[in-house]
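Asks: Below you'll find the structure I mean.
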Amino acid sequence: MEKTIKVVIAGPRGRMGREAVKLAEETAHFELVGVVDHKFGGMQLSDLEGFTSNAAIYESMTECFTETNPDVLIDLTTPEIGKKHTRLALEYGVRPVVGTTGFSESDLKELEGLTEQKGIGAIIAPNFAIGAILMMKFSKMAAKYFEDVEILEMHHDQKLDAPSGTGMKTAELIASVRESKQQGHPDETELLPGARGAEFDGIRLHSIRLPGLIAHQEVIFGGNGQSLKIRHDSYNRESFMSGVKFAVEQAMKIDVLVYGLENLME
Ligand SMILES: NC(=O)c1ccc[n+]([C@@H]2O[C@H](COP(=O)([O-])OP(=O)(O)OC[C@H]3O[C@@H](n4cnc5c(N)ncnc54)[C@H](O)[C@@H]3O)[C@@H](O)[C@H]2O)c1
Ligand SMILES: O=C(O)C1=N[C@H](C(=O)O)CCC1
């Protein structure tokens, strides 16, 4: 029998948090010992509409950690809050599994240092969907053969950060295998600021926000007389949950910070 993993979820009432609560309840070797919310402290999740779990709601993460002694924190909140929660989890010896996006390079460096000090596992995954991870891996492969690429990331219009974590991670992976290149015409001008999108190491990233979308990305490579498009679509938030489960299990087996699930997949 697998060892039970005690889990706390931050952001349980959010779009992702609700799916994660379901996952924790449905997974035999996960035990949801508490949730962290900025409202409804002192109540149980089941007091709120749409929940059956009797996990306690805490407004203070430190109180939650002290009382429930969890193994893993799953954070699905907002960029600012997610960073604070990740630091706090590491300080308390709780392994963070972070889906929240919007972490900068310096945030990641700082958290890597803290993880090293604590000697426990931590996972920050801009995208938990297996198809999205493959899209990023395939894009890295293709970048060895195509010098020019642009990334179109498309999300729902309630998203707070741009470019998306997935878009940034894809650009980083591509930049890691190709020579730095300024793309487009050297003398191009933007008649409207932003027309050419954001730029990372010469790679253009375009962020589309529309109601009706969930999470989609197309990576377009251009070569002489040809193009290659690698696309992934998440049509619901359940699509992320097998990755969340995998990340929680993996976080228990490692003692470093892993940024991106592709690093844990063959
Ligand atoms: N890694 C992935 O695969 C993946 C997939 C989808 C979304 N995301 C990211 O996950 C995050 C959440 O996305 P969402 O669509 O569920 O957003 P959402 O706005 O629906 O949910 C965020 C939740 O965080 C809660 N929250 C805010 N402040 C809090 C605090 N101090 N303590 C506890 N909870 C707090 C809010 O009440 C809200 O319920 C975003 O950063 C998003 O980019 C990642
Ligand atoms: O809904 C969101 O917000 C998502 N954000 C991730 C990102 O920033 O890459 C990807 C999945 C959905």
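Including glycine, each Cβ sits where the backbone N, Cα and C put it.
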Asks: According to TrEMBL, GLY11, PRO12, ARG13, GLY14, ARG15, MET16, GLY99, THR100, THR101, ALA125, PRO126, ASN127, PHE128 bind NAD(+); identify which of ASP37, ASP71, ASP148 is listed for that same site.
Replies: ASP37
Asks: Mean pLDDT across the domain 'Dihydrodipicolinate reductase C-terminal' (131-264), rounded to an integer, is what?
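Replies: Reported value for the domain 'Dihydrodipicolinate reductase C-terminal' (131-264) is a mean pLDDT of 97.
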Asks: Which of these recorded positions (GLY11, THR100, ASN127, LYS159) have a C-beta closer than 6 Å to some atom of ligand 2?
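Replies: Near the molecule: ASN127, LYS159.
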Asks: C-alpha of HIS156 ((S)-2,3,4,5-tetrahydrodipicolinate binding site) to C-alpha of GLY11 (NAD(+) binding site): distance in Å?
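Replies: With the alpha carbons as reference points, the distance is 18 Å.
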Asks: Residues other than HIS156, GLY165, THR166 within 8 Å, Cβ to Cβ centroid, of the (S)-2,3,4,5-tetrahydrodipicolinate site?
Replies: THR101, PRO126, ASN127, GLU153, HIS155, LYS159, ASP161, SER164, GLY167, ALA215, GLN217
Asks: Does any of GLY11, ARG13, ASP37, HIS155, THR166 have a Cβ within less than 6 Å of an atom of ligand 1? These are the recorded positions; tell me which, or none.
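Replies: If the test is a Cβ under 6 Å from any atom of ligand 1, the answer is GLY11, ARG13, ASP37.
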Asks: Could you round the CA separation between ASN127 (NAD(+) binding site) and THR166 ((S)-2,3,4,5-tetrahydrodipicolinate binding site) to a whole angstrom and send it over?
Replies: 6
